[in-house]
Amino acid sequence: MTPHINAPEGAFADVVLMPGDPLRAKYIAETFLQDVVEVTNVRNMLGFTGTYKGRKISIMGHGMGIPSCSIYAKELITEYGVKKIIRVGSCGTVRMDVKVRDVIIGLGACTDSKVNRIRFKDNDFAAIADFDMAQAAVQAAKAKGKAVRVGNLFSADLFYTPDVEMFDVMEKYGILGVEMEAAGIYGVAAEYGAKALTICTVSDHIRTHEQTTAEERQLTFNDMIEIALDSVLIGDAQ
């Protein structure tokens, strides 16, 4: 047990899928897993363990922003022996060639947060996903006939940013999606010897203001979850 997770030892699988919303974690567990057990509920940050096609997998929410997700990721790795974390969530985009409902695999994550500089002695840390996990996710998407984009994300500290000019910089540098957690999770995984990947569905376009409906979000979200889950099985077979 930790101050933030009240699961007993051995309650989590070695692979954990992490959406931001704890209710989305519950949805994933109840929709895609079998033999589901709720293993933690401190602060209503729900966590579950079950099986997917016979493979033990856990699902747990991580909240919003790098500070929140970093706490949960660290404790899962160091206190519960988790080896792989897959963040599954939504993101915005600033690029006109990236569309709402696209699925993005975050090979790397830029950030305006200083957390990785703090842990890396004020030097720049290249926050990247585990290559094998990213490759497995691409293979899972291809097997489903789903197109995915692969590249850089931007993990922002501010949801309501006053610096709209930064969107132009992101577009120039080819940032595929804007979210709030990937760089932190990649940093934590690197620090504690684990592996991590982020998969996002584009829910809104920052330039055009196009947004998905609740029903559309659920449909595309399901594609992303199936890609993430199947990627675990592919990774096991490699």
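In case you wondered, yes, glycine gets a Cβ from its N, Cα and C as well.
Since we're looking at a predicted model, the values are computed, not measured.
Sequence annotations record features per position, and here Swiss-Prot assigns active site, proton donor to Asp204. Marked as purine D-ribonucleoside binding site by Swiss-Prot: His4, Glu179, Met180, Glu181, Ser203, Asp204. Summarising the annotation, Swiss-Prot assigns phosphate binding site to Gly20, Arg24, Arg43, Arg87, Val88, Gly89, Ser90 and lists similarity to another entry as the type of evidence. Swiss-Prot lists Arg217 with the feature site 'Important for catalytic activity', giving sequence analysis as the kind of evidence.
Same-chain residues at least 6 positions away in sequence with a Cβ under 8 Å from that of Ser203 (purine D-ribonucleoside binding site) are, in sequence order, Ser90, Cys91, Gly92, Val100, Gln211, Thr212, Arg217. The recorded positions listed here are His4, Arg24, Arg87, Arg217; among them, Arg87 has the most other Cβ atoms within 10 Å of its own Cβ.
The binding-site residues near His4 (purine D-ribonucleoside binding site), taking a 10 angstroms Cα-Cα threshold over the set Gly20, Arg43, Gly89, are Arg43. The 10 Å shell around the Cβ of Glu181 (purine D-ribonucleoside binding site) contains 31 further Cβ atoms across the protein chains shown. According to DSSP, Arg24 (phosphate binding site) is assigned to a helical segment. In this structure, the C-alpha atom of Asp204 (active site, proton donor) lies 16 angstrom from that of Val88 (phosphate binding site). Between the farthest pair of Cα atoms in the phosphate binding residues (Gly20, Arg24, Arg43, Arg87, Val88, Gly89, Ser90), the distance is 22 Å. Neighbour density for Gly89 (phosphate binding site): within 10 A of its CB lie 24 other CB atoms from the protein chains shown.
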